[in-house]
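Residues annotated as domain 'G-protein coupled receptors family 1 profile' in TrEMBL: 41-287. The transmembrane segment annotation in TrEMBL covers 25-50, 62-82, 102-120, 141-164, 205-228, 240-260, 272-290.
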Amino acid sequence: MEEVNQSVVSEFIILGLCDSWELQAVLLVIFSLLYLITILGNIFIVLLIISDLHLHSPMYFLLANLSFIDFCLSSVTTPKMITDFLKEKKTISFGGCMCQVFFGHFLGGGEMVLLVSMAYDRYVAICKPLHYSSIMSRRTCIGLVLTSWIIGFVHSISQLSMIINLPFCGPRELDSFFCDIPLVIKLACMDTYILEMLINADSGVLATTCFILLLISYSYILITVLLHSKDGTSKALSTCTAHITVVVLFFGPCIFIYLWPLSITWVDKFLAVFYAVITPLLNPAIYTLRNKEIKNAIKRLQ
């Protein structure tokens, strides 16, 4: 009896976004198009930045890495969700579920740190322009990206290690379209209150630290521009709007999914869709549509 562990549950049943076949058919088309646009858009930005010598600067190096992470992040859950629209019985193996948890937190944690790196890049460029080249050297940029990947990996491993050996003996229904810790942990056959507190603390420390660093960076940027520019307000908004918008879009769903869950099923599903599907699509669009250098690089391709 002591060996009866997660092997009792070899797979989980995914309830998905809805029960209506008609609505699922519509969602199949919509999410397939969104996923295709996300994949092509992010790959295009990465290739554009690599191929255009005018974009070989720290800001675009970090932007290319953001697009790569968004490309990977959208591929963790969206393809499975799309194929499940074609199935009457939606299931995911225990191993597949743990993989979604690992890569979701690995890439999500890495993106949080990368957004901080991008804010730091803008802080140096605006607040210390004379030292920008020496501070944001090639070595520094590579170090910032490696740091984001390492922190994301450590965060993900720490999360996964707390749930992978839990006793899952039923029920096995996940009321969502993918596996995530808040849903999976509810299926454990034990009291998980303390474990949930530890997991929330783990996510909370990373998210809160990144968010505070972002607030500090953008506050310094705004203050500096307002004090040293005649057209301070418009330039400050122009510089920070895209970055702040991405931060809000990324951290908003994270806060309500992991740190302050609302426990309202349709809201949780909406936030999960926004985080997993919409954000990877909007991030590169927000950064590039307002960027003259990216637009000029696209024109040079024509």
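Placement of Cβ uses the backbone N, Cα and C atoms for every residue, glycine included.
Within the same chain, residues 17-18, 56, 60-61, 63-64, 67-68, 70-71, 74-75, 78-79, 81-82, 85-86, 277-278, 280-281, 284-285, 288, 294, 297-298, 301 sit at least 6 positions outside the transmembrane segment (25-50) and bring their C-beta atoms closer than 8 Å to a C-beta of that stretch. Within its own chain, the transmembrane segment (272-290) is flanked in space by residues 17, 31, 34-35, 37-38, 41-42, 45, 63, 66-67, 70-71, 73-74, 76-78, 81, 104, 176-178, 180, 238, 241-243, 245-246, 249-250, 253-254, 257, which lie at least six positions past its ends and keep a Cβ under 8 Å from the stretch.
Taken together, the residues of the domain 'G-protein coupled receptors family 1 profile' (41-287) have an average pLDDT of 86.
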